[in-house]
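**Q** The feature domain 'Kazal-like' is assigned by TrEMBL to 364-419. Residues annotated as transmembrane segment in TrEMBL: 12-32, 52-73, 80-101, 191-219, 240-262, 327-348, 447-468, 488-506.
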């Protein structure tokens, strides 16, 4: 057999390929998490629905994980991993597709930002909304036609694309780890797994860096005049070029599939010839004997061709054997508890950092004496920052009487609501956008990140030992099935529900909801930072200390 002489190089090639694909899938997964806020704003949907979209990855995974783990172990594992990578890449491209099907992004605003007028006192913010009739809900026919034109239901493509990503990711972990463990030395497996996870850890770092970079690039770059865009990336209505990142991540995942197409179905055990030495066999049996029950020690038999019907017939008995293993069951419960809180935390972490550490105190001024004669709309969100350091929901609600300048340089004057908090001699002007965060936020943010890194390091220390204990505590023919069932259970109960119920909890902390282009409630524009913090800390405590 040709690959007998290439056993060692092929194992190392497989190791390098696994490290690359772990990086690629972590890169894509982290970018998806970092784009959650941009997707929420682009499609004007609440956090609870974003939780469903995020959970679609686990939904796709659980659809096929049990069958891939069991039947895949009997088939050509490297090629199944390659097929999975192609499916993941296709899912990433599908997520980006709505950008090309939708029209230009239109953010809500209550002020006319005409760039044809020079800096003269022309706009009258206090009267720009004209009447309260704008708050009336459009009739059903008008709203349906508007939603169809706006493409508001195109988030379904994101849902389906993320589900495809979950389906494609399925064979990587169970088939890749079992393949590596089968054909490498027992003493080398922990080191190889550590190498794979070390490279994989770089994926989230680059994924969040890419997400941060693209979040500052306007969503319709290249197709609209950016001089006419009056908001910047710090505004809660801003949508970055989220779609571009999925094209990048999909391409990287596609490239990572190439080496797996050329790897063989099986290899000789690393460091051994076809006739293995008796001592090595005894050492392997001794190591397995530390974990396996005595009645299962003689389970191995010579490989022989089996039909699909025989494999299917043995599926349920294999599951029964697997779940009778006490060590495996306890480890599943441990993973389930920790992942439940971790997924909820990591899904909305970018939003948490933005809302808690990136915004100033805000005032959603209602109709009061200072703006009584302005006939302001209560639905519009066009924030202005007053010189008193307070953010107001719109120039009208701030009671601003006049404005100068155009576009992003527009300044509002004689804001009567600002004057309520300051002496008459003080500046009563306001500028577009929300006020910058407080100076002590930088210091608190550094403390938060230091604690997060420490907690992540402590959690990661148990990753490789956990896999080794699991691999050594189960029968060799059940390794792929065990890893697959672990992924299935943990992602079903620990991956799908948390984004949904944490998203619903976060929605309850919203102070100001946006308005869709066609009417109705859109994405949240402003959260109660203290309530948001308590929700996030709940998930953090649950994941780290449970």
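Residue numbering: from 1, along the chain as shown.
Yeah, the Cβs are placed from backbone N, Cα and C, and that goes for glycine too.
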**Q** Would you mind listing the long-range same-chain contacts of the transmembrane segment (191-219), meaning Cβ under 8 Å and 6+ residues beyond its ends?
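**A** Distant contacts of the transmembrane segment (191-219): 15, 18-20, 22-35, 37-38, 42, 99, 105, 177, 180, 184, 226, 229, 233, 238-245, 248-249, 350, 460, 463-464, 467-468.
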**Q** Looking only at the domain 'Kazal-like' (364-419), how are its residues distributed among DSSP helix, strand and coil?
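**A** Across the domain 'Kazal-like' (364-419), DSSP assigns the residues as follows: 13 helix, 11 strand, 32 coil.
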**Q** Give the one range among 12-32, 52-73, 327-348, 447-468, 488-506 whose Cβ atoms make the most pairs under 8 Å with those of the transmembrane segment (80-101).
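**A** Most contacts with the transmembrane segment (80-101): 12-32.
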**Q** Please determine whether the transmembrane segment (52-73) and the transmembrane segment (488-506) are in contact (criterion: at least three Cβ-Cβ distances under 8 Å, sequence separation 6 or more).
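**A** Result for the transmembrane segment (52-73) with the transmembrane segment (488-506) is yes.
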**Q** Would you kindly list the residues that approach the transmembrane segment (240-262) from elsewhere in its chain, counting only those six or more residues past its ends and only Cβ-Cβ distances under 8 Å?
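**A** Counting only partners 6 or more residues beyond its ends, the transmembrane segment (240-262) has Cβ contacts under 8 Å with 13-14, 16-17, 20-21, 23-25, 27-28, 31-32, 35, 38-39, 42, 78-79, 81-86, 88-93, 95-96, 98-100, 161, 168, 207, 210-211, 214-219, 221, 233.
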**Q** Other than its close neighbours in sequence, what residues sit by the transmembrane segment (12-32), given a CB gap under 8 Å and a spacing of at least six beyond its ends?
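**A** Residues packing against the transmembrane segment (12-32) from afar: 54, 57, 78, 81, 85, 88, 92, 95, 162, 165, 169, 172, 176, 179-180, 183-184, 192, 195-197, 199-208, 210-211, 245-246, 248-250, 252-253, 255-257, 259-260, 263.
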**Q** Using a Cβ-Cβ cut-off of under 8 Å, list the residues of the same chain that are 6+ residues beyond the ends of the transmembrane segment (447-468) and lie near it.
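**A** That would be 177, 189-190, 193-194, 197, 201, 331, 335, 338, 342, 357, 540, 543-544.
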